[in-house]
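Visitor: I am attaching a structure below and will ask some questions about it afterwards.
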């Protein structure tokens with residue numbers, strides 16, 4: 001207090017013996033200390049406000065990620081990535097259909113087909129929310145001879161969201177690349193509306209219709225084309241597993257493995273199609289609840305019925321159902337169980353009985369696919385080994401025979417699927 005008191009006395013011009021000055025000195029100290037504290041607080045507050053305003057200005061001036069989605073640094077790099085099957089994302093800032101197509105089309109340059117090379121639209125196959133399917137013929141520089149394709153068209157009037165989704169699906173095929181057991185993209189026309197996506201045409205068509213035709217052939221004895229043996233079922237099944245392995249390598253799964261979602265060539269080479277669920281996983285990281293609700297319940301694994309996240313283990317369960325479909329020549333699964341009761345049926349630890357046309361070896365493979373716990377089901381590689389081992393001793397002579405013909409409407413009711421979904425023989429995206 002001595003040095004501070006002396007200083008305050010000097011400021012007040014007081015003598016050491018002045019009693020009144022001592023009182024004034026105390027009053028002075030009471031005033032100056034709070035004043036200094038308030039002043040310091042105001043200076044600190046001003047500095048904080050200045051730093052905040054400065055940060056806000058710099059944030060507004062610097063270009064942020066809003067309105068874009070991982071746009072590559074250079075256009076040349078984007079085109080190079082697209083050519084090598086890498087994931088290429090498009091700018092989202094375009095607010096018009098025309099602007100979006102101008103930005104998207106250069107990145108799909110290697111897939112573009114001049115419209116004049118689309119020679120003929122033969123017939124409409126199906127019309128749905130994601131576009132209309134047609135049979136068409138086209139030529140390319142590599143294939144000057146006309147070839148049949150399935151053309152998917154997105155026609156006016158259409159909004160920006162639908163256009164972005166259509167282009168996204170083309171990009172998804174580009175990202176996947178080629179695999180002999182997946183339906184291939186043949187080209188596209190995206191510089192203006194209507195937009196076209198051309199996919200390979202697979203004859204005779206979808207596997208479910210093929211299996212039903214095998215029944216008719218047995219009834220009428222019309223030749224050998226549609227004769228199917230146990231060994232051929234293993235042949236088809238192994239190739240479907242290879243397609244699923246290919247998807248898994250890209251961190252994807254199919255989500256709806258079924259005979260209706262497989263196309264078959266005349267040499268019995270299967271092509272997995274209807275990749276819409278895999279596209280959703282690729283684009284959004286998960287399957288939307290709206291899309292999940294459209295999948296027939298009888299093909300779903302228990303965890304899917306319980307609304308748990310989908311995975312490749314669910315595809316393994318569905319693969320067991322596919323084997324059942326093939327060995328019964330297209331019978332609906334769980335024929336005695338209503339679709340809405342399938343979860344309760346499985347919760348009682350019940351599975352389908354062995355069909356009379358099914359060997360014990362094949363039924364054992366089905367049962368390991370239908371284990372309740374997804375972790376106890378075999379991996380794709382293990383399942384492939386089981387099929388290869390079983391096929392070595394499989395019957396290649398006896399033709400599978402199921403004399404009853406299928407009525408599609410009755411089948412749809414028992415299987416729990418929409419009748420219109422099996423009214424045409426092509427299932428593509």
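Here the Cβ of each residue, glycine as well, is placed from N, Cα and C on the backbone.
Just lifted these from Swiss-Prot, have a look:
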type: BINDING; residues: 125, 126, 127, 128, 129, 130, 131, 132, 133, 152; note: ATP binding site
type: DOMAIN; residues: 119-390; note: domain 'Protein kinase'
type: REGION; residues: 58-83; note: region 'Disordered'
type: TRANSMEM; residues: 30-50; note: transmembrane segment
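In terms of burial and nearby residues, how do these features look in this structure?
Guide: In sequence order, 152, 153, 154, 155, 166, 197 are the residues near residue 131 (ATP binding site), counting only same-chain partners six or more apart with C-beta under 8 A.
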Visitor: If you draw a 10 Å sphere around the Cβ of residue 127 (ATP binding site), how many other Cβ atoms fall inside it, taking every protein chain shown into account?
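Guide: The answer is 12.
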Visitor: Would you mind pulling the DSSP three-state label for residue 133 (ATP binding site)?
Guide: strand
Visitor: Tell me the coarse DSSP state (helix, strand, coil) of residue 127 (ATP binding site).
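Guide: Once the DSSP labels are grouped into three classes, residue 127 (ATP binding site) ends up as strand.
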